[in-house]
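*Asks:* Structure in structure tokens, see below.
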Amino acid sequence: MAPITTSREEFDEIPTVVGIFSAFGLVFTVSLFAWICCQRKSSKSNKTPPYKFVHVLKGVDIYPENLNSKKKFGADDKNEVKNKPAVPKNSLHLDLEKRDLNGNFPKTNLKPGSPSDLENATPKLFLEGEKESVSPESLKSSTSLTSEEKQEKLGTLFFSLEYNFERKAFVVNIKEARGLPAMDEQSMTSDPYIKMTILPEKKHKVKTRVLRKTLDPAFDETFTFYGIPYTQIQELALHFTILSFDRFSRDDIIGEVLIPLSGIELSEGKMLMNREIIKRNVRKSSGRGELLISLCYQSTTNTLTVVVLKARHLPKSDVSGLSDPYVKVNLYHAKKRISKKKTHVKKCTPNAVFNELFVFDIPCEGLEDISVEFLVLDSERGSRNEVIGQLVLSAAAEGTGGEHWKEICDYPRRQIAKWHVLCDG
């Protein structure tokens, strides 16, 4: 057989033919794609209705006759509302011109006493009606409450008592408090915590953690006191003080609860109890006690010597027994505190003897802009100390405070001592 031979020219013609067919195929594909796009665009422009519906209401006519783009996006349509014919009350026709951007229809104003309006009321209105369904008599009685009666409601404290005979331990569980008043007027809430003391000896003092921004704090904290015989329980009393924490000033006292343990039988097991929180007994100014202070102004060295000598007739710390007093001395220049000192604590006494001397450097000539503040406080372990009384000595002070100040200015380098009545802190 003769060998099959192909010329070089035939091999060169094959790529040319393939390229021609590929070009025709590409042109055909592009033309077909352009034709399809044109058909889709024309069909989309003729599509009716030209609206986008958020939802479809079955059996309700939701196709208005005329709707332009402005009306779709909530434009003002007061003029067309006037020109529209009146629609019967029982008709279910809803006009899309009155829809908002979310496709919702506006609520209609209901007339009181109309049965048809009550049927068309929304669930929100019914919920509001249930919430405010109060009889006129109860409204009158609630509005007739005086502000004093409202302030007396300080909430309820829930706790439990138990005695563990095996360990000879007295167990107190502070569970929660409900309905506390708001001590912060801005946030209308409180940051409550509770201090508890076992009376009459005040040896056991504990407190709970602070719970932020709540009027119904759930503490659920257990305190166990060991070494208390069961026979001694009847002689004790529990004193709860409910406070609201304040970062920038003295903590606010909400109220207190006093529980005498006489008559409470703990041999049968844990006892759940609750008591109403009552207003704390505030001492009167006349019963704050007195403080003996000695002052001496050295004009040559421009110093002021302050000696805290004695305190007498200090009041008891409410129902908690005797106070543990100490004195804090603050020196002010132009109403700005520039120095502070304090005495040692004297335990369980209404007549404390301090005899402690403090020397203050005066930053200006004379004592016209200088004032000295004395705070007598009751030392509370583990918490902020309560102010028993206050005394301010200055040129602007009234009574014995102003007289004492005038004497040390008139007679420098002389030690002058006076008794002063303490005021509210």
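Keep in mind that glycine also has a Cβ here, set from the backbone N, Cα and C atoms.
So TrEMBL has the following annotated:
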type	residues	note
TRANSMEM	17-38	transmembrane segment
REGION	73-93	region 'Disordered'
COMPBIAS	73-83	compositional bias 'Basic and acidic residues'
REGION	127-147	region 'Disordered'
COMPBIAS	135-146	compositional bias 'Low complexity'
DOMAIN	153-274	domain 'C2'
DOMAIN	287-420	domain 'C2'
*Asks:* If you average the pLDDT over the domain 'C2' (153-274), what number do you get?
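*Replies:* That region's mean pLDDT is 89.
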*Asks:* With DSSP, how much of the domain 'C2' (287-420) is helix, how much strand and how much coil, in residues?
*Replies:* 12 helix, 67 strand, 55 coil
*Asks:* Could you count the residues of the domain 'C2' (153-274) that DSSP puts in helix, in strand and in coil?
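*Replies:* With helix first, then strand, then coil, the domain 'C2' (153-274) has 6 helix, 62 strand, 54 coil.
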